[in-house]
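Taken straight from Swiss-Prot:
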type	residues	note
BINDING	Gly67, Pro68, Glu69, Ser70, Ser71, Gly72, Lys73, Thr74	ATP binding site
REGION	327-347	region 'Disordered'
COMPBIAS	337-347	compositional bias 'Basic and acidic residues'
Amino acid sequence: MAELTEKDKAIQTAMGQIERQFGKGSIMKLGAREIQAVPIISTGSLALDKALGVGGFPRGRVIEIYGPESSGKTTLALHAVAEAQRQGGIAAFIDAEHALDVAYARRLGVNCDELLVSQPDTGEQALEIVDMLVRSGAVDIIIVDSVAALVPRAEIEGDMGDSHMGLQARLMSQALRKLTATIGKTHTTLIFINQIRMKIGVVYGNPETTTGGNALKFYASVRIEIRKATAIKDGENILGNRTKVKVVKNKLAPPFKSIEFDLMYGEGISKTGELLDMGVDMGIVDKSGAWYSYDGERIGQGRQNAKVFFTDNPEIFNQIQARVREALGLSSPTPKENGKEKGKAKP
């Protein structure tokens with residue numbers, strides 16, 4: 001064994017002092033512990049799981065989902081809640097907008113009987129509740145809907161015409177400073193839903209911005225933009241929207257990946273439509289003209305008919321889904337794989 005240099009001895013002494021003062025594990029060499037795969041919660045969309053690069057929403061991170069009104073922000077978040085619950089996780093929904101549709105959430109697969117819901121009166125109250133849930137170490141995913149509805153107490157108690165410049169931005173900045181370290185220890189996925197506003201006087205460039213200041217942009221490990229693309233029609237009836245999702249920021253994989261899926265009214269993300277598109281892209285499902293085929297057998301003429309075939313034949317749907325997941329390197333998540341150690345974070 002090589003003799004330690006003065007520099008090595010000095011760093012070992014410093015590390016020893018740090019561990020005695022702040023606890024074991026407060027500092028270590030990165031190579032001293034095995035690098036583990038990032039634990040995730042599926043987004044509910046195979047295409048988005050692939051675009052995120054790690055197989056879903058990472059645990060122990062802050063995530064922002066933003067976009068125009070009625071673009072599918074809450075729907076995407078509720079799909080993630082349903083996936084977390086399927087893995088045996090506990091989910092919480094901070095309904096700052098007081099607009100959670102329980103019947104719709106159930107249709108998306110959310111177990112509403114087990115969902116923790118809070119409808120806070122002020123932004124401070126909402127973020128304190130989030131902090132307490134995170135520190136419990138028992139909650140797997142928390143949705144805050146939305147940042148724009150986190151109104152500071154001073155604004156609620158003040159008069160209608162009063163100016164409250166920067167109050168919400170300061171509130172978000174302070175909360176995120178507290179929350180970021182804690183969620184890393186408890187492996188809680190914290191998703192903020194945000195709205196879009198327009199900057200005044202912008203001539204060049206994009207005038208759009210999100211509410212709540214810049215803190216969330218910095219602290220978020222993943223930022224997702226969601227927008228309507230085109231309407232999905234059956235004759236004159238609009239059944240849903242083709243929706244475009246872009247990963248604007250990603251600290252865990254290359255960003256700027258874009259995907260599209262069908263967002264159907266009353267149903268959420270169309271699993272059949274998404275699987276059909278991915279199956280064709282991967283060569284698992286054959287497309288010739290308007291006809292779709294699988295294993296040499298025709299499954300439908302036109303996209304809508306092929307989607308209906310998948311709905312009527314779940315065994316074929318499951319076969320194709322298994323092949324797509326295998327091709328993507330995505331295993332079916334289980335509580336054991338993605339489970340986290342339950343324990344209280346240090347106050």
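Using the three backbone atoms N, Cα and C, a Cβ is placed for every residue, glycine included.
For the recorded ATP site, residues Gly67, Pro68, Glu69, Ser70, Ser71, Gly72, Lys73, Thr74 set the reference point as the centre of their Cβ atoms, and the other residues of that chain within 8 Å of it by Cβ are Ile226, Arg227, Lys228. Residues near Lys73 (ATP binding site) in space but far in sequence (CB under 8 A, at least 6 apart, same chain), listed by position: Ile65, Tyr66, Gly67, Asp145, Ser146, Ile193, Asn194, Ile226. For Ser70 (ATP binding site), the same-chain residues lying six or more positions away in sequence with a CB closer than 8 A to its CB are Lys228. In the three-state DSSP scheme, Ser71 (ATP binding site) falls into the coil class.
Same-chain residues at least 6 positions away in sequence with a Cβ under 8 Å from that of Glu69 (ATP binding site) are, in sequence order, Gln195.
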